[in-house]
Amino acid sequence: MGIKDWPEGEGPRDKLLQKGAGQLSDAELLAVLLRNGLAGLNAVDLARSLISEFGGLRNLLCAPRNQVCRLPGVGPVKYAQLQAAAELARRVAQENLQRGQVLTNPDLTRDYLMRQLADRSYEVFAVLLLDSQHRVIQFVELFRGTIDSASVYPREVVSLVLEKKAAAVIVCHNHPSGNAEPSQADRRITERLKNALATIDVSLLDHMVVGDREIVSFAERGWIN
C-alpha cells in the first residue's frame, strides 16, 4: 500500500502535515520518503523492516547501495531518495556552521560534527579551522581510511593551517564502530598535532571523537592543556 492509498487523515504524510514532522516515529518519517510498500506490507511496515534489518536509521543510510537494493521493495529510486534526504541533513548542518560564525556554543559544534561524520562507514579525520576570534574559516576532511598515529601527518595539518591563515583548530574523527571512546592511538595523534601546531603558534582547542550517538571531547576530559 502506498502513502496515497491510506484513508484520509490516517497516513504518515497526513500526520506530518497536521502535527509536524517531530511527532512522527522513525518508521513513519522513512515511510514518507519511501512512499510505497510492497505486497503485504504498507510503507510504514516496509520502513520498520528496513530499520530492523540494518539495526537503525544510521546504518541504513550509510549502507552500500547493493546491500540496500537487494531487499524487496527497495530499488535504485528509493535508495536515491534516502541518500538525498541524508545529504540534505548534512548540508543543513553545514549552513548552521557558516564561515565567519563565532563558536560560542559547544552544542552547535557537536551537532555539526555528528551530522558530518556519524553516518560514515569509513573513518574520516577532519579539521575545523578558526580565526583568532574563533570564527569559522572552513571545515576540511584531510584523511580517510584507517586513522591511526601512522596515517595522520602533522605536517599536512600544519600546511593547511598556514594556507588558510587559521589561528586555532579543532580536529575530529569518527569511529564507524559507533563507540566514541578514544584509543591510545587517538591520544598519540593528539599529542603530536598539539606539538606540531605549537611550533607555529596555533592552538589546538579540542579533538572530538564521533561515535554513533555521542561525541567524546579531549578538552572536556582534560587531555589538552
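The backbone N, Cα and C atoms fix where each Cβ goes, and this holds for glycine too.
The model shown is predicted, which means the values in this text are computed figures rather than measured ones.
In the record from Swiss-Prot, residues H173, H175 bind Zn(2+); the candidate from D186, D201 listed for the same site is D186.
Here the motif 'JAMM motif' (173-186) has long-range neighbours at 117-118, 120-126, 147-149, 207, 209-216, 218, meaning same-chain residues at least 6 beyond its ends whose C-beta is under 8 angstroms from one of its own. Each of the binding-site residues H173, H175 was scored by the other Cβ atoms within 10 Å of its Cβ; the lowest score goes to H175.
Just so you know, the Cβ of D186 (Zn(2+) binding site) picks up 21 other Cβ atoms within 10 Å once every protein chain is counted. Computed over the domain 'MPN' (102-224), the whole-number mean pLDDT of the model equals 88.
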